[in-house]
Amino acid sequence: EVAMKLVVALLLLLLQVSGSADGRCFCQVTGDLEDCACDVETIDGFNNDKLFPKLQTLLESDYFRFYKVNLNKPCPFWTVSSHCGLRDCAVKPCSPNEVPEGIRSSTHNKACAIMLTVVLSSKETREALLNWSKHDDESERFCVVDDEQSPDSQYVDLLLNPERFTGYRGPEAWQIWNSIYEENCFKPYTVRRPLIPNSFHSSSGSEGQCVEKRAFYRLISGLHSSINIHLSARYLLDDSWFQKKWGHNVSEFRQRFDSELTAGEGPKRLRNLYFLYLIELRALAKALPFFQQPSFRLYTGRPEEDQKHKELLLHILQLARSFPLHFDETSLFAGDEKEAAKLKEDVRLAFLNISRIMDCVGCFKCRLWGKLQTQGLGTSLKILFSERQIEALPASSDQRPSFQLSRQEIVSLLNAFGRISTSIRELKNFRALLAEDQ
């Protein structure tokens, strides 16, 4: 009888756990990830304990906190009837004296320019720098890059304009994601509702779908999940006349990720976040030789500070390279050469389209972070598909490299990965909060 009572008690406990919000959100977010030789637990430990704290320190530095962006480009696809009028949607641009002079004075890599000036004549120098400023051949670009010289572009301090819930929601916000999923994500035809994407390995999902298109779809789903986690973690909980209180909104998180409230899709969305993390982590590891060049500097005009932050950046990239279970990007575009080239072009054009859609976001703060994270992911893809050029980087500074990253790309690359790293860290907080609610 005692044994029977014990069995019943254990069964009841199991039912309670499996039926809890914590279980419904996270029970499937464990173990191996599809298309990868990695598991969720390894990523959690690596990110939360090793990488996240160092990355946050780097992103607070002047080089990475100032991002130049044009928030006034018109939507190229439809007429935006109104902009978000809420005060939390607004973005406060920097006044010129708030941005370090070294960042404001030029968009070129300062050290490279200095070295070239020494070895080339003035005419050759101008031509070389002009070529470098146009380094990113249109056929290799995965993202629409704002012209840093555009009179409509302004510097924004990312630390003073954090990504958080602004109140921007409703038809306009859904239209953005609907357009992204419906037109650009290679979704299986059986999926009728893009905001509830189907599983990649279910019989009704992506049967016959190639790994490249499946990967691209998962990247966009992962980006969507990451943004939703940020909004749930920095939610406006109290907006009284004497204070604003931002914090974790557990019910908002559940609305987006609880399997019971999302027709079973929530945990899949979270798994796609981990997939996105692996892709961008792999890009950081691959980019290490570029940043190791002696001529490369995180130039702000403060030499000691710049050198300290370059060393921290290299430490983070070496840490990324040391990760034991990287995504193997050789599985992408590895088939027939002509077919692979066509697939790569399909992916590139779809991603270009998504970066243009970000100019249709009515909330300026959401537009800022959407553009930055899209450009960061585009830069990651550019790195992954430029392995030969990175390996062939010249040993001396007087040779023109075939691979280059602009400051804009570097800032978006690290900040975009910082957002995903933050999302992984926030999942730990939401696990604990959901467990407390039971």
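Cβ coordinates are placed from backbone N, Cα and C, and glycine is handled just like the others.
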Query raised in the report: Which of these links to Cys89 by a disulfide bond in TrEMBL: Cys75, Cys84?
Result: Cys84
Query raised in the report: In TrEMBL, Cys363 is listed as disulfide-bonded to which of the following: Cys360, Cys366?
Result: Cys366
Query raised in the report: For Arg256 (FAD binding site), what residues in its own chain, 6 or more apart in sequence, show a Cβ-Cβ distance under 8 Å?
Result: Ser225, Asn228, Ser232, Thr262, Gly266, Arg269
Query raised in the report: Given that the record lists Arg164, Thr166, Trp177, Ser221, His224, Arg256 as binding FAD, what is the largest C-alpha to C-alpha distance among them, in Å?
Result: 21
Report task. Mind checking which of Cys84, Cys89, Cys363, Cys366 has the fewest other CB atoms within 10 A of its CB? They're the recorded positions. Result -> Cys89
Query raised in the report: Given the binding-site residues Thr166, Ser221, which one is most crowded in terms of C-beta atoms within 10 angstroms?
Result: Ser221
Requested in this report: Out of the recorded positions Cys84, Cys89, Cys363, give me the one sitting nearest to His224 (FAD binding site) by CA distance.
Outcome: Cys363
